[in-house]
Amino acid sequence: MEVSNTSSKGKLIASGVIPFAFLIILIAYIFGPGSELLDLGIPLPEITMEKVDFLDSEIQVTVRNTGPISVEIAMADVNDRIQPAAVEPDRYLERYETALVRIPFEWNDAEPYIVGITIEDGTRFEKEIEAAAPALEPSFELLGFFAIIGTYVGIIPVMIGLLWLPFIKRISKQKYHFFLALTAGLLLFLAIDSVEEALDVSNESLAGSFNGVLLVATVLILSFLGLYYTGEKLVSRAKSSRITKPVAIALMISIGIGLHNFGEGLAIGAAVGLGSIAFSTFLIIGFALHNTTEGLAIAAPMSREKKVIGKLAAMGLIAGAPAIFGAWIGGFVYSPFTSVVFLSIGAGAIFQVIITILKWIREQGDKNLSSAAVASGFAIGMVIMYLTSILV
Amino acid sequence: MILAITILIGISVIMIFPIGSQAQTEENIFVTHSGAVVKTTGEVLDPLYTSATVEFDPMEYLRDFNYGRISQLEDGTVLREYTIIANDDEIMEVSPGIFYNVWTFNGTVPGPTIRATEGDIVRVKFINNGEKEHTIHFHGIHPAGMDGVFEPVGGNGGQFVYEFEAGPVGVHPYHCHVMPLEEHIVHGLYGVFIVDPKEERPPADEMVMVLNGLDTDFDTENNFYAANTIPFYYQHHPIQINTNELIRIYVVNMVEFDPINNFHLHGNLYKYYPTGTDIVPSFYTDMITLSQTERGIMEFEYQYPGKYLFHAHKVEFSEKGWVGIFMVNENKEGTEDVKYGS
Ligand SMILES: [Cu+2]
């Protein structure tokens, strides 16, 4: 008995392992040393200038080797004019290694510059800065400044949006569904907006080797799945605890919006950090305006609850406060990679929220999503967002 | 889920914070164009102030004239024989740290400055040791079959002998004329051919300056400009000349991609002979503008010793390497032995 049991176990393991072994042999054959099956072409060197800081009489460029082979930095230029420079710690960059290129240069405030780096094979890479501005030195003053901006952009507009709650409370079920759908429409627009922004950043500042589009897709779907799973757990637990389903949904919406606002904070912080004054002002006004609609999104599912003031305030904070952290990170430790990642997480979170809202409407609305209220709400939500995006 | 977030955070941390290799502890100091002193624990990137390790010496090229192997034909005509070997596989450090595939005549960019007197028979034995077809197309007057256009010379040892009578008097470029022409020229297959008048020009400190550019990343724009290939070289190593001594420069513009180049001299003016075909100067100026393969002869002498800049007044070019310095030294021997303008 026992013998046959172990032998069958052995067979089981063997049957699992043998195909795997063949797979390894196959891969070794294709990619292994001496294999001439794959000629992957000539590897081209690539560097990415991740950050350009304007200091006192000096321009500092953070350069990363983002290509498949190691490179040597040979020369720096400003506006295509060769400049003596220093490179720290040294000019040899292995894959993904970074160096700081320090170019002594009397730059002028608010003027555009193109900084170029030439590597040993003569290839020149460049990065354009729209308007030079002194690099942000981390200070408590600046920390406070970003906190205030984050509050104006994140917390206050969301709180204002929450003031719609009494209104939503008094309306009929049909209209309530309309507003839920409207929320979903608003959020869908935001999600698409986040994806677009993430793709833009990856296009402009992220090296090709990061596969920007795929990075966005992967992070988006991972965050969607992760939050979807957590959200379902939260809702199912809601049945057996004091948290009611609407609260659970509103909480998830707050978390999703919070991640999104984190991305907005990043964008604002980075814009201020990069010295794009006009752009950062536009972002602040635009984000502040549309974030009031986020308050509406949180308020809508909660409207059938009682004694919600405290919970709402907490959710307003969850949704709004990340803008502050985003602004800090964006301003002080900006990197294109992190902003792409956070924007994608935000988009995934919002998609998850949309799905949750739609399920909620479906359950509430006699298993039906195709009512006039839902369709028009969704459409109007999108249109409102589109119009605000034109206006600001 | 938690795993995914952990991985994401891990990658993000790596991406935000720079990964550096072991830092040097030694401190370097360098001085910028504007005189600012910069201290760094890293390395200095500077085509100007670090000692150039370049393989081609523009200072040697400056005053190097190849008069050929001289003999006489039966009728008494002087025969000058030259050998020019083309190559296209050399990687040369063209500026500190930057390596570029130069195509060369006799191993250098520009190729040798060959020189003959008007009426001499010039016989150039051309050997193509490159991979591609090449030729030599001489500017000047010669029979059709000697033009280096319709007689491509195959690589890996192909040969051709160009033979013609030297003329007209002046300074002329020569270059490869194989299609795509731009590629062959911008890689370096060009040089200077000087035809001296039978009655010699007055004695002078003579030099040749080929104004050229290098497109090291093949985007049909020059990454560097120079007089004699190496950017900033004559600024780093000033050209030593003497006061009250006639200086004669044979200037040839071989810049590709850009419509014009120019030559501006500081603290002085020069007599300019366009194409060098005339013995009477056409201009007395400190600034001439040259289109592609335009060339001429400049003559001047400095009265006051000291450092004088010369550069393209298309300032972009000078800030990408086409800039140099004449270090004018007091002429101890006086001026009596210098005679010119007979
Ligand atoms: Cu050629």
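Backbone N, Cα and C define each Cβ position, glycine as well.
As written in TrEMBL, here are the features:
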- A:12-31: transmembrane segment (TRANSMEM)
- A:142-164: transmembrane segment (TRANSMEM)
- A:176-192: transmembrane segment (TRANSMEM)
- A:212-231: transmembrane segment (TRANSMEM)
- A:243-262: transmembrane segment (TRANSMEM)
- A:268-291: transmembrane segment (TRANSMEM)
- A:312-334: transmembrane segment (TRANSMEM)
- A:340-361: transmembrane segment (TRANSMEM)
- A:373-391: transmembrane segment (TRANSMEM)
Chain residues in Cβ proximity to the transmembrane segment (A:212-231) (below 8 Å; excluding those fewer than six residues from its ends, i.e. six or more beyond):
195, 198-199, 202-203, 206, 248, 252, 255-256, 259, 340-341, 343-349, 351-352, 355-356
Looking at A:142-164, A:176-192, A:243-262, A:312-334, A:340-361, which one has the highest count of Cβ pairs under 8 angstroms to the transmembrane segment (A:373-391)?
A:176-192
Same-chain residue ranges lying at least 6 outside the transmembrane segment (A:142-164) that approach it to Cβ under 8 Å:
136, 257, 261, 264-265, 268-269, 272, 284, 287-299, 312-313, 316-317, 319-328, 331
Report, as numbers and ranges, which residues of the same chain sit near the transmembrane segment (A:340-361): CB under 8 Å and 6 or more residues beyond its ends.
177, 180-181, 183-184, 187-188, 190-192, 194-195, 197-198, 201-202, 206, 210, 212, 215-228, 231, 235, 245-246, 249, 252-253, 255-257, 259-263, 266-267, 297, 301, 326, 369, 374
Can you work out which residues elsewhere in the same chain, 6+ from the ends of the transmembrane segment (A:243-262), have a Cβ less than 8 Å from its Cβ atoms?
153-154, 158, 183, 187, 190, 194, 223, 227, 231, 234-235, 237, 287, 291, 294, 297-299, 301-302, 304-305, 311, 315-316, 318-323, 325-326, 342, 345-347, 349-350, 352-353, 356-357, 360
